[in-house]
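Annotated in TrEMBL:
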- C167-C171: disulfide bond (DISULFID)
- C167, C171, H256: Cu cation binding site (BINDING)
Amino acid sequence: LFPFPNRPTAAMRTQRLLRLSGLVRQLLCDELSCGTRGTICNTTSTLPSTGFFCPVLSQQRLALRRLHTSRYVAAEPKAGSSPGTSDVAPVSMRTLILMLMAGAGVTYATRMYTDQKLQKVVSQSQQVVGKAAVGGPFDLIDQDGKRFTDKDLMGEFALLYFGFTHCPDICPDELEKVSEAINLIEKSTGVQLQLVFISVDPERDKPSLVKSYVREFHPRMIGLTGDLENIKSVSKSYRVYYSKTGESDTDYLVDHSIIHYLINPEGEFVTFFGKNSDAQQLAKQITNHLADWQKDHPDYHRGKVIAVPPAVK
């Protein structure tokens, strides 16, 4: 079984031990014997040359040297930094920023998906039954304290928005945007659409308050409110979600859907626009609906050519 015909002599055992010691020293001298970091050992071995080369051991030594050097470089303090300082804070801040960016992206994607999902549902319902199950009759009070129903919107396109006068930012932004879109449409086509604001906070939004509120955005904007049951009814008809946030009976906000509803001259729902549409996009899409309606109803603004405003083509 032994590869040699005779038992190894003491001299042979000594030679083998010397050869093995030389290989170990050659492998680890950089890391252990010399005490240097990341440098090649130049110490001349006093062991006799064996003339033996093992590629496996050579690769292992190279891997150990690279690992040792990389650890040393990573542990080296940066120039100008005091001892004991750590890079954990910048990495943590970078991670925090990435997390915030990811969260904002998820929020935006969620809103986009919700709008697209609702648009798809509406389109499917229109294809199946011919009309979307959105909208319907309502009986409310206008900003002058007079009764106002869905019949009062007949004869012209209307754009409805549900909100509340104490809204700190979203409602004002949306009403300013839609007012700009209506002005663009009127300037290019001469058609005066009806702008309607419906309050989802009837307990605080009385007619006088609603009147002063809508006048801040457009001189022709109609403000509607009413009792709690009528507001619930019209909100349900238009699939509007709203809910109070806060424990106070007087100081609270209302979380609600951010959607504009386009109604045709016969009082029927046409389509909706979400928060992601800007004023020019609104003007373009609404004008397209006006043009399509004029094709099917030649008496609608006869003599006027309804086309998309040049600024938003």
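Placement of Cβ uses the backbone N, Cα and C atoms for every residue, glycine included.
Taking the centroid of the Cβ atoms of C167, C171, H256 as the Cu cation site, the other same-chain residues with Cβ within 8 Å of it are F162, G163, F164, I170, E174, V200, V254, I258.
Between the CA atoms of H256 (Cu cation binding site) and C171 (disulfide bond) there is a gap of 10 Å, rounded to the nearest whole number. Cβ contacts within 10 Å of C171 (disulfide bond), excluding its own Cβ and spanning all protein chains shown: 22. Cβ neighbour count for H256 (Cu cation binding site) (all protein chains, 10 Å cutoff from its Cβ): 19. Here the Cβ of C167 (disulfide bond) has 18 other Cβ atoms within 10 Å, regardless of which shown protein chain they belong to.
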